[in-house]
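Just below is one structure, and these are the notes that go with it.
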There are 4 protein chains.
Amino acid sequence: MGNSFGRIFRISTFGESHGKALGVIIDGCPAGLPIEETFIQNELRRRKPGQSKITTQRKEEDEVEILSGVFDGLSTGTPISMLIRNTDQKSKDYSHIAESYRPSHADYTYAQKYGNRDYRGGGRSSARETAARVAAGAIAKLLLLHHNISIQAYVSQAGEVSLSKSYQELDLSLTESNIIRCPDQEVAERMIAHIDQVRKDRDTIGGIVSCVAKGVPAGLGEPVFDRLHAELGKAMLSINAVKGFEYGSGFKGIEMRGSQHNDAFYLEGDKVRTKTNYSGGIQGGISNGEDIYFNVAFKPVATIMQDQESIDESGNPVTVSGKGRHDPCVVPRAVPIVEAMAALVLADYLLLNRSSKL
Amino acid sequence: MGNSFGRIFRISTFGESHGKALGVIIDGCPAGLPIEETFIQNELRRRKPGQSKITTQRKEEDEVEILSGVFDGLSTGTPISMLIRNTDQKSKDYSHIAESYRPSHADYTYAQKYGNRDYRGGGRSSARETAARVAAGAIAKLLLLHHNISIQAYVSQAGEVSLSKSYQELDLSLTESNIIRCPDQEVAERMIAHIDQVRKDRDTIGGIVSCVAKGVPAGLGEPVFDRLHAELGKAMLSINAVKGFEYGSGFKGIEMRGSQHNDAFYLEGDKVRTKTNYSGGIQGGISNGEDIYFNVAFKPVATIMQDQESIDESGNPVTVSGKGRHDPCVVPRAVPIVEAMAALVLADYLLLNRSSKL
Amino acid sequence: MGNSFGRIFRISTFGESHGKALGVIIDGCPAGLPIEETFIQNELRRRKPGQSKITTQRKEEDEVEILSGVFDGLSTGTPISMLIRNTDQKSKDYSHIAESYRPSHADYTYAQKYGNRDYRGGGRSSARETAARVAAGAIAKLLLLHHNISIQAYVSQAGEVSLSKSYQELDLSLTESNIIRCPDQEVAERMIAHIDQVRKDRDTIGGIVSCVAKGVPAGLGEPVFDRLHAELGKAMLSINAVKGFEYGSGFKGIEMRGSQHNDAFYLEGDKVRTKTNYSGGIQGGISNGEDIYFNVAFKPVATIMQDQESIDESGNPVTVSGKGRHDPCVVPRAVPIVEAMAALVLADYLLLNRSSKL
Amino acid sequence: MGNSFGRIFRISTFGESHGKALGVIIDGCPAGLPIEETFIQNELRRRKPGQSKITTQRKEEDEVEILSGVFDGLSTGTPISMLIRNTDQKSKDYSHIAESYRPSHADYTYAQKYGNRDYRGGGRSSARETAARVAAGAIAKLLLLHHNISIQAYVSQAGEVSLSKSYQELDLSLTESNIIRCPDQEVAERMIAHIDQVRKDRDTIGGIVSCVAKGVPAGLGEPVFDRLHAELGKAMLSINAVKGFEYGSGFKGIEMRGSQHNDAFYLEGDKVRTKTNYSGGIQGGISNGEDIYFNVAFKPVATIMQDQESIDESGNPVTVSGKGRHDPCVVPRAVPIVEAMAALVLADYLLLNRSSKL
């Protein structure tokens, strides 16, 4: 269970890292939406391995095939299914862990939960599953763009190197101009150098992906449990390696006083605005029309190119060696994944909101 | 929509702050569980207003009435419904905001989403709704205790005053020994003094509630979207005033190297353990048998005893005055709410896990 | 589990026959709907026991109390909860079956499934639970009426006495003019006499409730599993004592030829119509704008005023005596229940359909 | 929406009649189940077109490819996805109906609901979608067989020719011995002759598929809305061309008296049994351990080899000619579909029931 996400715009993903294919079904995409395959393919290209020197060198073309739900270039309202065949699996790289538990991976927990597991490349627990999310997220983005909603994520921290500017002080259109996807070129270079050093140390680091959604109309969100930020938080925490989520003023807002933190309403033309936006565009779990922004914390990648002590399925001590081709830091490739999940949440809540009023 | 939570152990809450009553239905509680009403009532007592000088002085006895689902002291497997009548509503305190939007409250967003709203005491958006969660959470706790799982939350930060010790260095059984619910008496006193000062300043602050679950067996969690920590995160973010969630190493783990951060497996007797627990008891979205721990960030309370500039429904500038009886800091009363939501998640995943294997 | 129904317009019911109360939460009713309590109360009156000589003489006033979700006479978009206190439980009537299994009741199956059970009056398995459905259905009806959709059910068979006319040949507005709720007065009188005889025989019979929905726009229904008639069928089969469901031509259509059975399209003014309506207003699981009509078969009431052989919980032979106050035939009281369930399905699909197109 | 079925053992299907492929994801199959591909393929062979002279002559090999969720021959607990490529689409056969509405098909309703539609072969509304259900149902059957539950359906009526014997009087193992799938050879021959004549008349007829589930333990079913027979009913009504469902005594039971209809309990060895089984193995919505049996009514196939009057999208009168290759009666091919849907329901409720008790 647990492989579906969303209520109206609902996706279900399938597939293992080294299985035949990954894929996704979207049930609930409204009919009449123009579906551009090149747009989907481009989003996958932003996520795919081997895209730069600071990502894994694994090669996967991640070509998507649309199997259903689109006719004459338009969504038909029936399930849109998409398939991505796996091509570059080197499953032999994993025979050494068939019976061992890699530290801070899901090997042990899957074995406990299910009894058996597809150990090749982490099987279902691999972040390779997120390719299916990105494909589905691309269609969610198309739906949002139709409603003038845009989403942009970027890397705001990589290990010790962090971006001190807020998103308002940055030109987010520069995000794709460097391989780390940080819109501040100077910081980007320091991040890249840092990751490069970590990679040479055969080690890994974590980071933060920040994300901004603009153009979200007031009214999205379903209190009390399905508050907009609660679902965004769940969406982000469901991404591999994520350890934390905060929106608006987040953890830092704790030390503020209410009198500072409250966002005063005013009228700008005929639009209700707030002077500050510590609320992060969401009040009482419902969007208020201001920018929605949040941070997502990723832990250091668990696969390191070093020997580590562990145990095998029988409890015997073993040494797990670092093999395969892995990312020293996931954040550059996580940017499109964060965007995809945000798009999926917003698309779903946009449709849910159609039933709020008579 | 959005007023239900959980899949198998599923709750639905209802009720407004100043309406006739609050309540909850639990559908999916297994039959045969002894239901102790005094236990439920005691949990509500931990949340109720007026419990100390640092909480709101509003008086609500929050007496719970079980209407169904329990027979001869045992759950019957049919829906357990519980009712809490409202008694101390002073709705007149709210007539001044019937047509105005309080800053950083849900007044404006509810008005936008629904067109009309019950403005009295914030209506459905009031944290009073969490009383129903605490009642349901009490029953989830009873189910967990039957399986030797315990949950303990505590205040680890109030405004600028924070607890530097980790949960392992604390005696969590002392949590209820002071009105702020911080297990370190010295820090607790500083927190109380801080809140007292903030209250005198007619202002508010935020804080952090930390939570630990012990005895959780390996195997709970439903990847990929319903990872255990993703659902815990959603549960916490669905609580009023929460702005952030992190588990295990959280945001601080970003700067660690993978070689430091990875939790090495070893065998302790016949039990698989990890030497460190940066994973926070969850790997690949599934519990590994170690303690689960996480932090929840609460913003400063939006209601302050000061005049604030805002606008009314027609867009005219208005001054919103601070009236009513409110908390200067929500964290002491949030402790049982965090526990309740954690209990609801774990109870649900415990039942879901019964279907993992043949 | 299983005590909720619907996706967007979603109800959850609770309560046992002889417990403190029955109730229902509606989550997802759009905001802005005028809620008339007298309308709800009137629907309950049509279902309540003791309404005529051919129903049980049990007296329950079934007074409904709205606890939340309505403000100033309008739905607010938040959960509408309604409570009906039980008043006339004669639980002593049931002590004789505390450990025995009544034939064709749910005593044995509840005992097997849950281990323990509230045996008083059948507990949760009693048709008394349908009072909560009727209350919720009343609100669904108000929503449908706002969209010019009306639902009318009536009794078309009681034991051996059946109505040979189709609904088109009847004046359905006469349904409430007699105590059996059959719009043909002559047949109604024969039905009443038949039931009266059966009652005197201390026995029971079954019957058919037919139902027609008019004004349903084309487009409601969610293929492939949630076809409109599939959900209607489930809704009807979830009512106590129902053994069968058919819509449109139903079981009789089997013997027709496709060339007779197909409903030819034509244009009436600017409205697409069909010349015949064997489809029952639904094609491919989606409404086509014609009248929706269906039949619901109810079995003979299981409680009879005769001694019956059975066994007790230990497997010992026992005689179960007919006690209490029961209906000799459920169909007159089932009419508003069938309508309520139909209204709930249509309200839900009306809202679901808002997301079909861009 | 509406393309998923089940709660724990949950399937989602996709694909159009003349699209690239059909497929299904199963989320929630317990880990450790041996998955035999030949078993799945054999079930598909029972459903596939072109299997005999009384079915459509369309040729589809319906070869299934398992893409995920199975490793080393065992289910892994992760989503099982299966793909069936379309091969014999003759889409040109459908260009004549691109803009016309075939009588009693879903052309008009899909156009109304979605605005655009894939008209080739009926697109998503085609019964071709049921191939995906049969593949998923095969895996559900394997799970049930592991628990000693078996399901057998058969044809009990084809047009005017019906089988008068009850299932207890038949040897159901003979079902596959003839092309109509009727276990009574003499009646089978009459059915076949009847269908053959209808085919020659370029017309179609309906029929009944009956189904029996043996070995179902007591306790399956989730009252009140998700009664076992309600979900079975929905499952059956979701199959193309189904117009009615009845279980146990069904529509015929109406005329019985309660004193005849009630099933008396007795003890057979240490097993609780009922002397008769008018309840159809389900009481109060929960299985009681007796055989579950039900009937499913199918309408005459809408596609006939005759000219029919209709209208086009602009409302102009048109003549729709019968083209393509179609079934004169669907029931022989519907037998495995009915079994598949029954298996999916029972597998789901088997898993749901694991949470009934402490």
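Heads up, the Cβ atoms here are built off N, Cα and C, so glycines get one too.
Taken from TrEMBL, the feature NADP(+) binding site applies to C:Arg47, C:Lys53. Taken from TrEMBL, the feature FMN binding site applies to C:Arg124, C:Ser125, C:Ser126, C:Asn240, C:Ala241, C:Gly284, C:Lys299, C:Pro300, C:Val301, C:Ala302, C:Thr303, C:Arg325.
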**Message:** Please report the distance from the Cα of C:Arg47 (NADP(+) binding site) to the Cα of C:Val301 (FMN binding site), rounded to the nearest angstrom.
**Reply:** 16
**Prompt:** Which ones in the same chain are close to C:Ser126 (FMN binding site), with CB under 8 Å and 6+ residues apart in sequence?
**Reply:** C:Glu16, C:Ser17, C:Asn240
**Item:** Filtered C:Ser126, C:Val301, C:Thr303 - binding-site residues with C-beta under 8 A from chain B
**Value:** none
**Request:** Provide the list of binding-site residues among C:Arg124, C:Ser126, C:Ala241, C:Lys299 whose C-beta sits under 8 Å from chain D at the C-beta level, in sequence order; use 'none' for an empty result.
**Result:** C:Arg124, C:Lys299
**Request:** Rank the binding-site residues C:Ala241, C:Val301 by the number of other Cβ atoms within 10 Å of each Cβ and report the first-ranked residue.
**Result:** C:Val301
**Complete:** For the binding-site residues listed (C:Lys53, C:Lys299), most other Cβ atoms within 10 Å of the Cβ sits at C:Lys299
**Prompt:** Taking DSSP three-state, what's C:Lys299 (FMN binding site) in: helix, strand or coil?
**Reply:** coil
**Request:** Express in Å, rounded to the nearest integer, the largest CA to CA distance found among the FMN-binding residues C:Arg124, C:Ser125, C:Ser126, C:Asn240, C:Ala241, C:Gly284, C:Lys299, C:Pro300, C:Val301, C:Ala302, C:Thr303, C:Arg325 named in the record.
**Result:** 44
**Item:** Euclidean distance between Cα atoms of C:Lys53 (NADP(+) binding site) and C:Thr303 (FMN binding site), Å
**Value:** 17
**Message:** Distance check, please: Cα of C:Val301 (FMN binding site) against Cα of C:Lys53 (NADP(+) binding site), rounded to an integer number of angstrom.
**Reply:** 16
**Complete:** Lowest 10 Å Cβ neighbour count of the binding-site residues C:Arg47, C:Arg124 is held by C:Arg47
**Message:** Return only the integer: C-alpha distance in Å from C:Ala241 (FMN binding site) to C:Lys53 (NADP(+) binding site).
**Reply:** 21
**Message:** Distance check, please: Cα of C:Lys53 (NADP(+) binding site) against Cα of C:Lys299 (FMN binding site), rounded to an integer number of angstrom.
**Reply:** 20
**Asked** Among all the protein chains here, how many other CB atoms are within 10 A of the CB of C:Thr303 (FMN binding site)?
**Response** 24
